[in-house]
Amino acid sequence: MAKAKFERNKPHCNIGTIGHVDHGKTSLTAAITKVLAETGGATFTAYDQIDKAPEEKARGITISTAHVEYETANRHYAHVDCPGHADYVKNMITGAAQMDGAILVVSAADGPMPQTREHILLARQVGVPALVVFLNKCDMVDDPELLELVEMEVRELLSKYDFPGDDIPIVKGSALAALENKDPKLGHDAILELMKAVDAYIPQPERPIDQPFLMPVEDVFSISGRGTVVTGRVERGIVKVGEEIEIVGLRDTQKTIVTGVEMFRKLLDQGQAGDNIGALLRGTKREEVERGQVLCKPGSVKPHTKFKAEAYILTKEEGGRHTPFFTNYRPQFYFRTTDVTGVVHLPEGTEMVMPGDNIAMEVHLIVPIAMEEKLRFAIREGGRTVGAGVVASIIE
């Protein structure tokens, strides 16, 4: 049979499986590819192919992640699955595999377990917009009342972490039944029902080009007779020649006009998400702009110094610290293109943070940075990465 070509004309969405160890995340991932392969929407990927996930580096941290792709009638999906709990923590915090939504896998035989709770909390902290639940191993539970009890527990746990627990779709089934062609109601049909719920409930992400313009400043040049040019890669949105923009971060916000956009030495009318451009700024002096600031649509991003973050601290083996740190720890925080010193305040009751921990903490930077929720950063000591984090919420 000829391999069906993936058509790229469907909207794209990034999702992943999360949940406690051995609750069936990888089996479910395999089962989805098996069931969707029947309609040519996937290539069946067996459990052991997914389980030996390759290692990859993200922000100086090694993470094992398996990627599969498949499509439903409505969407094309890129799906990530991680072999170990630590990989999930690192993946979600670094944003290595960005998730527009996630499938929370809970074993009906065990109910919610510690990592179930931790993954829901992480999803909340790092800003995963929506979750759908797959209650797995339902073929191991004979008592329908017990299933209802587990479902109630899961809904309560989701609500506790500010997800809409009462509204989140929960699909009951068995990934193993789907893989072994047993009990079609719990196997094959449940997988199709799950994908229908994912299609309907996980919102379509806004494409980067449709978001407000933002470009981190990488370099600044002055060109005699023309003015100041700043270079960088447009992170999102579009900037047109003649538009007003703001320069945000490190100092007071300034307004200016983009009088030219060039790429590969050619003049353009506009630059858009993904382009490496030089932007000519009207009336801006070379010393008024620096690396670490951003150019953005006026009013879209504000500079901040205090925020709450979720961070993962590297182990010694990963090249991180050898010793714990305490409150008032002062590393550098690398945002987009530059390091800024900040002071860490640990939560009440947390004495210290050991290498390998993930932790919610408060950070006070010594200078403001253009910042919004979900922004990723690295924690560094003298240029060496010792951790990774994400802005969970802004204080001021």
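Just so it is clear, glycine is given a Cβ too, placed from its N, Cα and C backbone atoms.
Not measured: the values here are computed from a predicted model.
According to Swiss-Prot, the feature domain 'tr-type G' maps to 10-206.
Across the region 'G1' (19-26), the DSSP tally of helix, strand and coil residues reads 2 helix, 1 strand, 5 coil. Summarising the annotation, Swiss-Prot assigns region 'G1' to 19-26 and lists similarity to another entry as the type of evidence.
If you draw a 10 Å sphere around the CB of His85 (GTP binding site), it holds 14 other CB atoms from the protein chains shown. Residues or ranges marked as GTP binding site by Swiss-Prot: 19-26, 81-85, 136-139.
The Mg(2+) binding site annotation in Swiss-Prot covers Thr26, and the record cites sequence analysis as its basis. The Cβ of Thr26 (Mg(2+) binding site) has Thr17, Tyr47, Ile50, Asp51, Ala66, Asp81, Pro83 as same-chain neighbours under 8 Å, each 6 or more residues away in sequence.
Tertiary proximity for the region 'G2' (60-64) is limited to same-chain residues at least six positions away from its ends with a CB under 8 Å from its CB atoms, namely 53-54, 82-84, 87, 90-91, 94, 96, 312, 314, 318-319, 378, 385, 388. If you look up Swiss-Prot, you'll see 60-64 marked as region 'G2', on the strength of similarity to another entry.
Residue counts for the region 'G3' (81-84) by DSSP state, with H, G and I taken as helix and E and B as strand, are 0 helix, 1 strand, 3 coil. Swiss-Prot lists 81-84 with the feature region 'G3', giving similarity to another entry as the kind of evidence.
Here Swiss-Prot flags 136-139 as region 'G4', drawing on similarity to another entry. Same-chain neighbours of the region 'G4' (136-139): 23-24, 27-28, 105-109, 147, 172-177, 182-183, 186, 190, counting only residues six or more beyond its ends whose CB sits under 8 Å from a CB of the stretch.
Broken down with DSSP, the region 'G2' (60-64) shows 0 helix, 4 strand, 1 coil. This prediction places the mean pLDDT of the region 'G2' (60-64) at 84.
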